[in-house]
Amino acid sequence: MAALATAEACDTNTALLGSGDLRVLPPIFQIYGQCRAFSGPIVTLKVFEDNILVRQLLETRGEGRVLVIDGGGSMRCALVGGNLGQLAQNMGWAGIVVNGCIRDVDEINGCDIGVRALASHPVKSSKKGIGEKHIPINIAGTLIREGEWLYADSDGILISTSELSL
């Protein structure tokens, strides 16, 4: 599948940018994983320093979707590591975007998925199972809803209310 270039998408969809139907996440994310460009329908998750629900969602069939995790921007532990990166690849997820940290960077960089995160951190998260799935989340001032579309490449990350055409 051909990747949609985010810069071109912004250039050709100025009306959508103006209306808010196409939004750009701030350039705060680092690029990880084998897939530098990825896209798909969004699945949302809100957690804080706890990755039990991350695993639960990644254990379901990804079907080309993108898991967007609002981890509250925590820089105190990782929400995704190498095992979850491999699980996401095996279950058919297109990518993972983490408003927080990941770990096992070399393992994640070997996975055939796209991953974006604020940074890496060697400490694992807690395991309490606290959080909310499939709810609207807010990352760096950008509202993101379940079922919207995410497009990521080396230039940035876009959120669209609907699928964009190439």
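Even glycines carry a Cβ here, placed using N, Cα and C.
Now, the feature entries from TrEMBL:
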{"type": "BINDING", "residues": "Gly81, Gly82, Asn83, Leu84, Arg103", "note": "substrate binding site"}
{"type": "BINDING", "residues": "Asp104", "note": "Mg(2+) binding site"}
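Overlay of TrEMBL annotations on the structure.
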| residue | record | CB count, 10 Å |
| --- | --- | --- |
| Gly81 | substrate binding site | 21 |
| Gly82 | substrate binding site | 17 |
| Asn83 | substrate binding site | 13 |
| Leu84 | substrate binding site | 27 |
| Arg103 | substrate binding site | 22 |
| Asp104 | Mg(2+) binding site | 21 |
If the substrate binders are Gly81, Gly82, Asn83, Leu84, Arg103 per the record, what's the largest distance between their Cα atoms, in Å?
10
Around the substrate site recorded as Gly81, Gly82, Asn83, Leu84, Arg103, what other same-chain residues have a C-beta within 8 angstroms of the site's C-beta center?
Ala78, Val80, Gly85, Gln86, Ile102, Asp104, Glu107, Ile108
Sorry to bug you, but what's the C-alpha spacing from Asp104 (Mg(2+) binding site) to Gly81 (substrate binding site), rounded to the closest Å?
5
Considering Cα atoms only, can you say which of Gly82, Asn83, Leu84 is the nearest neighbour of Asp104 (Mg(2+) binding site) among these binding-site residues?
Gly82
